[in-house]
Amino acid sequence: MTSPASSRTILVFDVDGTLTAARQTITPEMREFLIEARKRVPLAIVGGSDFKKITEQLADHDKDLLLSLFDYTFSENGLYGFKGTEPYPVQSIQKAIGDAKLQELINFALRYMSDIQLPVKRGNFVEFRNGMINLSPIGRSCSQEERMQFVEFDKKHGIRQKFTEQLREKFGQYGLQFAIGGQISVDVFPTGWDKTFCLQYLVPDFDTIHFFGDKTAPGGNDHEIFADERTVGHTVEGPEDTRKHVENVLKELD
């Protein structure tokens, strides 16, 4: 049974690297753990991916199942979200900065990525979402093996870090933010449209907001919400570590 203290507390989770291994589906054990935890405290997710990808990862492509697992569901950093099954207004990067600036950004990104030498390149280098643009030097259609190869290459050569710095230098004056997202990409979104965007929907109803994420260092797409004064931030190193952190928080609520 939810106690008065826990009813004013909510646990908010990143998806990739937090509830699942990167771009993998949630395990049955982790899903069951969340179901049991939700009996004691409200739960929310905030992912950078679009709603379709998050539904695939957490609920076997079943939208109704996904919305039944969490009290709040936020994709694209909260720019496409739900309270229960009720949708919030959808935000649009296209309306926010205009097509002319978007095209200038995309053209620059494609030219820049065309000059990067990687072990392999595949397809889907630019993904246009409601509230952001996702840029992937290797291409999002890479296989899991190719993805992991890029991860190691990126660690050694700082491919995404350099890309982010170039984007920030050239387009920062357009009111855009740039963050290293997931394992293979860079997220581009209007200033303030990072994961803290979802907090506007949570702060009125909760006194304590715990956030769990893996990309919490500066430049990572979990950093802003992790460091926000309105949250209690937890850095995790994968689903099993997330579970341990949650168990510790639940003990404190007892």
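Glycine is no exception: its Cβ is also placed from the backbone N, Cα and C atoms.
Small disclaimer: the values here were computed from a predicted structure and weren't measured.
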Of the candidates R31, R129, the one that Swiss-Prot places in the alpha-D-mannose 1-phosphate site of R23, R140, R147, S185, D187: R129
Candidate from D205, D207, D214, D228 that Swiss-Prot assigns to the same Mg(2+) 1 site as D14, D16: D214
Nonlocal neighbours by CB distance (under 8 Å) for D214 (Mg(2+) 1 binding site), same chain, sequence gap 6 or more: D14, D16, G17, T18, G220, D222, T235, V236, E237, G238
Most Cβ neighbours inside 10 Å, all chains, among the binding-site residues S185, T231: S185
Residue pair R147 (alpha-D-mannose 1-phosphate binding site), F226 (Mg(2+) 2 binding site) - Cα distance, angstrom, rounded: 26
D187 (alpha-D-mannose 1-phosphate binding site) and D228 (Mg(2+) 2 binding site), distance between Cα atoms, whole Å: 19
Greatest C-beta neighbour count within 10 angstroms, which of the active-site residues D14, D16: D14
Distance from F226 (Mg(2+) 2 binding site) back to R23 (alpha-D-mannose 1-phosphate binding site), taken between C-alpha atoms, in Å: 21
